[in-house]
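Some features that TrEMBL has for this protein:
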type     : residues : note
TRANSMEM : 12-31    : transmembrane segment
TRANSMEM : 43-76    : transmembrane segment
TRANSMEM : 82-108   : transmembrane segment
TRANSMEM : 120-144  : transmembrane segment
TRANSMEM : 156-177  : transmembrane segment
TRANSMEM : 197-216  : transmembrane segment
TRANSMEM : 242-265  : transmembrane segment
TRANSMEM : 272-289  : transmembrane segment
TRANSMEM : 462-484  : transmembrane segment
Amino acid sequence: NPFVTERLAQGAWSLLLGVAAAALVPLYFLLTSPDRGRRSTRGPAWLVPLIALAAFTPTGLAMAAAAVVGAMVVAACAGRRIAMPAAFAVPALALGALPALAGTLLGWGAAEAGSAEAGVVAFAARAEPGLATIGSLAGLGGIWNSDAVPASRSGALTLPLTLPLLLVWAVGTVLAFRRPRSADGAPLDASADMLPARTSLGAAAAVVVLVALAATPPGQAILTAMIDAAPALGILRDGQKWVGLAIPGAAVAIALVANAAWASIAPSSRRLAAAGAAAFVLVPLALVPDAGTFLAREFAPVRYGDGWNRVNDELAAAGAETGRPQTVLVLPAGGFRSTPLWAGGRVVLDPAPRLLHAAVLEPGDLSVGGQVVEGEGGAARDAQRALLEGADAGELAAMGVDWVLDETTSRGERGSAGETLAGAQQRFADDELRLWRLPGAESAGADEAEAFAPASEAARRLALAAHACWALALAGGTAGALIAGRRR
């Protein structure tokens with residue numbers, strides 16, 4: 001569907017992992033919270049690894065938490081017993097939150113808040129051609145990143161490709177909430193059996209409406225105020241990603257309509273009924289008919305140039321010489337690159353922070369549609385600004401910067417950096433990279449690089465312990481659920 005295709009094209013596979021796990025949490029919670037007086041045929045142990053898997057990212061954790069709270073409210077209002085599944089879900093949420101909480105604790109006071117308003121506006125959901133914002137979201141699209149949108153979702157075909165799903169939403173909702181009747185016309189009580197389906201559809205409708213409202217000017221103002229008051233709510237900026245919570249509802253709606261088609265046609269022709277039911281199952285594929293070719297173009301293995309190894313050799317030698325980690329500023333400014341050498345000119349994440357064995361100084365700023373959303377690296381931003389303004393090389397070294405690396409084949413802002421580098425020593429150059437060492441970097445001590453110092457040993461242990469608890473919940477929870485399932 002559009003959500004999966006566009007998020008994959010954006011490289012957000014971890015978000016999809018969280019969505020897939022979080023989507024199962026409320027359904028499994030309801031399946032393991034039976035009516036009073038009845039016994040569940042399933043154990044709630046699988047809630048632990050599902051929640052842990054969702055917690056692979058903070059967004060997935062938030063989705064799982066919302067799913068648990070929603071399922072608890074729905075189950076309690078329906079008169080179901082929730083003590084047992086809650087006893088598994090709540091501790092799992094606590095364990096899953098430990099890595100994020102550790103990161104927040106260790107970074108407390110070290111980061112500067114960026115522009116909430118700019119981020120909210122830049123990441124708001126967008127309307128696709130022929131569809132309002134709410135229609136795009138109901139069609140599982142509406143992403144803010146136009147580079148991640150396939151051709152079929154950006155032209156005249158968007159509306160006719162989305163209409164089948166919109167109709168399925170409507171018909172499936174009617175089927176879920178109508179009261180069934182027996183052969184003699186008497187009404188039947190199927191509320192318990194339909195509770196998971198109704199919950200999924202209700203949650204999907206709520207998510208679509210809320211995300212659409214958040215994209216309006218009043219909604220953006222409210223969201224901006226919320227993030228200004230509580231910066232941790234910044235994960236709400238990218239509203240369209242929460243549409244992932246509507247995917248279970250879409251699957252339920254398709255299943256209900258396919259089942260109804262089968263039931264109405266099967267008495268006369270089972271083959272025709274099977275074909276009719278299968279047609280509805282293919283609805284998601286019809287939403288993005290070019291998904292395969294689009295993603296095939298976007299994903300291909302690449303080989304970075306050997307220059308990166310040479311740069312690492314220089315950094316390693318300098319680290320051994322000075323006895324401390326090296327710090328590197330990169331050009332052009334920004335966290336994305338567009339080199340034709342190995343990226344084919346596509347916009348990709350700067351590989352320097354992942355390839356270099358050094359502290360690569362990144363402000364974390366992001367440009368969306370010409371609008372800059374500031375990140376949290378205040379000290380790195382100051383150093384980058386000094387470089388772009390052509391500050392003296394010694395002044396930059398005094399700020400704690402040892403090296404400057406220019407990725408020459410990528411477009412971007414370089415400002416007056418040439419004036420700064422005129423006073424630096426070039427240590428390496430090839431077709432893609434140029435590396436300069438700033439004067440005084442050889443003799444600089446730890447005090448100059450204090451703003452960019454690596455984590456302390458205590459901080460490392462705390463972070464590792466938090467992640468170990470999360471891994472234990474995932475691996476141990478899976479093993480426990482398998483053992484419990486065999487015993488049952």
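Residue numbering: from 1, along the chain as shown.
Including glycine, each Cβ sits where the backbone N, Cα and C put it.
Tertiary neighbourhood of the transmembrane segment (242-265): same-chain residues 1, 3, 7, 15-16, 18-19, 22-24, 26-27, 63, 66-67, 125, 137-138, 140, 142, 165, 168-169, 171-173, 175-176, 196-197, 200-205, 207-208, 210-211, 236, 272-274, 276-281, 283-284, selected by CB-CB distance under 8 Å and a gap of 6+ residues from either end. Looking at 12-31, 43-76, 156-177, 272-289, the range that has the most CB pairs within less than 8 A of the transmembrane segment (120-144) turns out to be 156-177. When Cβ-Cβ distances under 8 Å to the transmembrane segment (462-484) are tallied for each of 82-108, 197-216, 272-289, the top count falls to 82-108. Spatially, the transmembrane segment (12-31) is not adjacent to the transmembrane segment (156-177); fewer than three Cβ-Cβ distances between them are under 8 Å for residues at least 6 apart in sequence. By number of Cβ pairs under 8 Å, the transmembrane segment (272-289) is matched best by 156-177 from the list 43-76, 82-108, 156-177, 197-216. If one looks beyond the transmembrane segment (156-177) by at least 6 residues along the same chain, the residues whose Cβ comes under 8 Å of a Cβ in the stretch are 128-131, 135-136, 138-141, 194, 197-198, 201, 204-205, 249-250, 252-257, 260, 280, 283-284, 286-289.
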